[in-house]
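So that you can see what the record holds, here are the features copied from TrEMBL:
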- 6-25: transmembrane segment (TRANSMEM)
- 224-244: region 'Disordered' (REGION)
- 228-238: compositional bias 'Basic and acidic residues' (COMPBIAS)
- 264-284: transmembrane segment (TRANSMEM)
- 296-313: transmembrane segment (TRANSMEM)
Amino acid sequence: MNHSTEIILTIAGIVLVHGLIFYFLTRKSRLIKGKHVVVTGGSSGIGLWAAIECVRLGAHVTIIARNVSLLEKAKEELEKRRVRDTQLIQFRSLDLSKSYDAVKSTLDELERTVGSIYMLVNCAGMAICGTVEDTSIEDARKLMDVNYFATYYPTRHVLPKMKEAGDGIIVITASQAALMGIYGYGAYAASKFALRGLAETIAMEAKHRGVSVTLALPADTDTPGFENENRSKPEETKIISGSGGLAKPEDVGRRIVQDALKGSFFSIMGLESWVLSILCVGMAPWRGPLLCFVQFYLLGPLRLIGLVLQWNFQRIIKNCAKQRQRN
């Protein structure tokens with residue numbers, strides 16, 4: 001390599017680095033002050049804390065869930081966090097998985113009374129654990145209804161309106177189980193994989209119309225839903241999923257909203273989630289040159305780490321099987 005070539009490569013490298021720095025320093029978050037945000041599953045856990053973050057940022061917030069008493073308590077909590085007296089804080093009790101017509105009717109009424117929905121944060125969901133053959137048909141269907149259709153119905157309603165307005169944000173809360181199948185999460189993972197497919201499709205269909213979508217991939221989080229989930233977890237699932245620790249719902253909810261306002265496709269938190277999102281990136285949408293550069297160079301080495309993890313999971317499963325045989 002001659003001297004002139006080295007100079008050209010050096011200059012190109014400097015320009016690239018400064019360009020990346022400029023990109024991340026100038027990338028701005030969208031503002032939701034004075035805009036209408038709807039949070040499903042907003043009565044507790046991640047949904048409640050996502051709603052709290054939206055209230056902190058000055059939005060009019062409507063939370064939707066089924067349990068009226070929890071909704072009333074959540075509304076009181078949100079009202080304490082108001083930054084402006086004119087902020088509207090309200091709730092609606094609704095089974096989002098019941099029917100599209102019921103969801104449409106409720107959201108239409110909200111838009112007439114509060115205003116068009118600028119941001120939809122889908123946090124409604126549940127988990128039932130068990131091997132595929134031990135999960136009842138009724139539970140498998142329930143998981144698809146609550147996790148997929150309770151997100152699909154409100155998203156289906158607001159999407160054309162956001163496209164017409166040329167602006168809007170949709171958050172779809174899935175799970176790390178949307179990236180890989182895990183022992184004991186068969187029916188649950190299937191419903192979460194469906195959400196990833198929905199999010200990637202919307203990202204392709206709606207980006208040119210000004211609508212962004214964020215796929216939240218929280219790890220195990222300390223919520224009431226997680227407590228219920230643990231009651232049905234096989235021992236293998238507890239060991240495999242327990243290695244990542246337990247996140248705080250306030251941290252996850254805040255992170256999801258902030259990532260959505262920045263236009264990030266994946267919303268992740270923690271090293272484990274970051275590694276898994278790169279390893280399973282597949283055909284996920286473009287979200288900046290630096291991230292794509294990192295994905296390109298780390299995908300190969302991380303595949304080796306993934307194989308080691310899979311080997312470890314199989315070792316855990318075999319050990320648990322041997323322990324049951326002894327007992």
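Counting begins at 1 with the first residue displayed.
Backbone N, Cα and C define each Cβ position, glycine as well.
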Inquiry  = Based on DSSP, tally up the residues of the compositional bias 'Basic and acidic residues' (228-238) by helix, strand and coil.
reply    = 8 helix, 0 strand, 3 coil
Remark   = Long-range Cβ contacts under 8 Å made by the transmembrane segment (296-313), restricted to residues 6 or more beyond its ends, are 183, 240, 275, 278-279, 281
